[in-house]
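So that you can see what the record holds, here are the features copied from TrEMBL:
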DOMAIN    426-464  domain 'Kazal-like'
TRANSMEM  65-86  transmembrane segment
TRANSMEM  93-114  transmembrane segment
TRANSMEM  164-187  transmembrane segment
TRANSMEM  199-226  transmembrane segment
TRANSMEM  246-270  transmembrane segment
TRANSMEM  321-347  transmembrane segment
TRANSMEM  359-382  transmembrane segment
TRANSMEM  394-413  transmembrane segment
Amino acid sequence: MGANNLNLAGLPLPARRWSPFNSIKFFVLCHSLLQLSQLLVSGYMKSSISTIERRYGLSSQKSGVLAAFNEVGNTVLIVFVSFFGSRVHRPRFIGGGALLACLASLLMAVPHFLSGPYEYTDSISSSIDNTSTVCQSENNLNTKPENQSCSQQDNPTQHVVYPLLLLGQLLLGIGAVPIQPFGISYIDDHASKKNSPLYLGLLLAATSIGPAFGFITGSIMLRFYVDFDKLSKGNIDLTPKDLRWVGAWWLGFLVASCLIFITALPYFFFPRNMPDQEDTDDVELRPDCVKKQTDPIQELSLLQFLKSFPQVALQMMRTPVYLLVILAQVNQAALLAGLATFMAKFIERQFSQTVSLSTMMIGGVCIPVAVLGTILGGVVMRRLNLSVSGASKLCTGAVLVCLFSSLPLLLLGCSTQKVDGVFPLGSGSPSCSAGCHCPQGAFNPVCGSNGVEFRSPCHAGCSSIEFDASGKPKTPSFMMILRTVPAEYKSLAVGVQYMMFRLLAFLPGPVLYGSVIDTTCILWGRKCGKQTSCLYYNLDKFRQSFLLTIVVLRRREKALQPHCKGKYELVNGNQKTTEKDSSEEKELKT
């Protein structure tokens with residue numbers, strides 16, 4: 001028995017009690033569940049964005065800002081993760097960030113409880129038996145001034161709804177800052193070299209399926225009426241097929257908050273450093289005489305790090321392949337950010353599907369296929385043993401396939417229906433609703449016997465209601481980045497990459513798509529003299545503008561792909577072309 005196992009009296013020490021919190025496998029399990037829960041919130045937010053837009057009368061541009069706002073806090077603080085590294089108690093920082101994300105998710109649901117019941121056309125009683133949106137004569141018209149009724153309906157809490165949602169998104173982004181970087185570094189530090197890739201692969205899988213679970217959760221929650229907690233079932237007249245339907249967008253945030261809270265608790269019991277996994281291969285590969293390579297960033301003070309960061313970042317930006325790959329990925333990330341936010345709305349409007357079905361298609365089909373593409377890219381890279389030049393050609397080919405396969409979508413979709421007085425312009429029939437005094441915000445679409453749609457029974461001239469009122473792969477490009485920067489700056493290079501993503505893609509992407517969608521609106525809703533969300537879109541223009549934005553970003557991504565004649569190696573941090581693989585490149589291939 002070794003001397004280390006004896007106490008001062010020379011007696012053997014008691015055996016160390018086994019604890020799951022000293023197991024890196026248990027940490028991987030906890031971190032996979034936490035990342036899944038945290039990214040579920042992100043996916044759920046995007047699946048509910050069109051419902052929130054309809055509930056609170058937001059434009060698509062405003063909802064795009066809301067969807068992207070969680071990147072603000074993340075972008076500001078992500079740089080410091082590279083500095084703190086292993087200097088702090090990483091599990092506790094992860095737990096603290098998770099609790100902040102839990103609070104943010106709760107905050108996102110608060111506007112529902114502050115707001116009054118959802119009011120839609122035909123739900124606001126007039127003085128004449130709840131017939132506010134049918135044609136009324138001058139004698140029967142409710143003469144209450146509009147500004148008086150608006151002042152009664154104007155709830156001060158309505159003005160804080162949008163700021164509260166923005167604050168929730170901001171805190172969600174801040175809370176997410178330490179979760180993934182600290183989790184990955186903690187696993188890499190304490191797992192064996194043999195098991196580390198497997199554990200990180202499990203984390204990648206959880207990261208990939210988290211948003212998919214968010215969309216699926218959204219599909220389920222949006223089938224419940226928004227005010228099911230405030231109204232009895234018999235008082236809910238709308239169905240999910242009704243254009244005025246608003247689902248329980250807030251419910252998923254409460255569920256996600258509970259999940260994040262439960263998965264955050266174990267992190268406060270993990271040690272700052274746990275015993276490394278024993279691996280005989282590690283002993284052979286890393287003998288006692290070989291010391292681990294030191295990270296130059298960890299040797300700097302905070303002030304030195306802040307001073308040196310711009311210089312190091314600019315040095316990496318001077319690397320041609322690194323810069324081109326980053327810019328190409330920024331275009332792809334902007335495309336994906338916009339699609340994730342508004343693709344469900346595109347399906348809903350273009351093909352007349354319910355919100356829940358549209359979100360289910362995104363979560364159950366689109367995201368899993370994207371994950372499959374990422375895995376396939378890694379498999380192709382490994383099987384074909386691709387160099388930087390080969391990876392560039394693979395990315396370019398994938399972009400071309402996506403580009404040409406997207407073009408036929410310009411012709412697929414429904415054209416805008418004929419709407420009286422709205423589309424086409426000049427198609428109105430004033431005689432139908434002349435003298436009806438239709439409310440400004442009336443919206444309860446009905447179909448006439450002539451095949452023309454009317455905004456409400458009042459606009460159709462109805463004096464009573466007797467009808468149905470419902471009416472691309474990242475793995476190759478990621479490896480290109482790792483192969484074209486100095487080894488000691490790889491972690492920082494990835495940090496700069498994600499910072500560029502957030503600044504140039506995740507932040508402006510949803511706003512860009514929302515602005516493009518708003519330009520295709522042909523009738524905006526009005527309530528108390530204020531513009532609300534869009535009621536009707538020019539569907540042909542919507543489809544063309546939406547898909548052309550995708551094509552433009554794809555073309556820019558293709559143009560920015562580096563075309564390498566040879567292979568690259570690093571000489572004093574700079575690149576030069578060579579016909580032979582560097583030893584580092586060979587190591588990465590295997």
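Cβ coordinates are placed from backbone N, Cα and C, and glycine is handled just like the others.
Counting Cβ pairs under 8 Å that are 6 or more residues apart, the transmembrane segment (164-187) and the transmembrane segment (321-347) reach fewer than 3 and are not in contact. In the predicted structure, the domain 'Kazal-like' (426-464) carries a mean pLDDT of 75. Below 8 angstroms of C-beta separation, residues 21, 26-27, 30, 33-34, 37-38, 40-41, 44, 48, 51-52, 54-55, 91-92, 94-95, 98-99, 101-103, 105-106, 108-109, 111-113, 118, 120, 214, 217-218, 221-226, 228, 240, 355-356 of the same chain, each at least six residues beyond the ends of the transmembrane segment (246-270), sit close to that stretch. The list of residues near the transmembrane segment (65-86) in space but at least 6 beyond its ends in sequence, with Cβ under 8 angstroms from a Cβ of it, reads 42, 45-46, 49, 52, 58, 93, 162, 165-166, 169-174, 176-178, 181-182, 185, 189, 295, 297-298, 300, 302, 305, 309, 337, 341, 491-492, 495, 498-499, 502-503, 506-511, 514.
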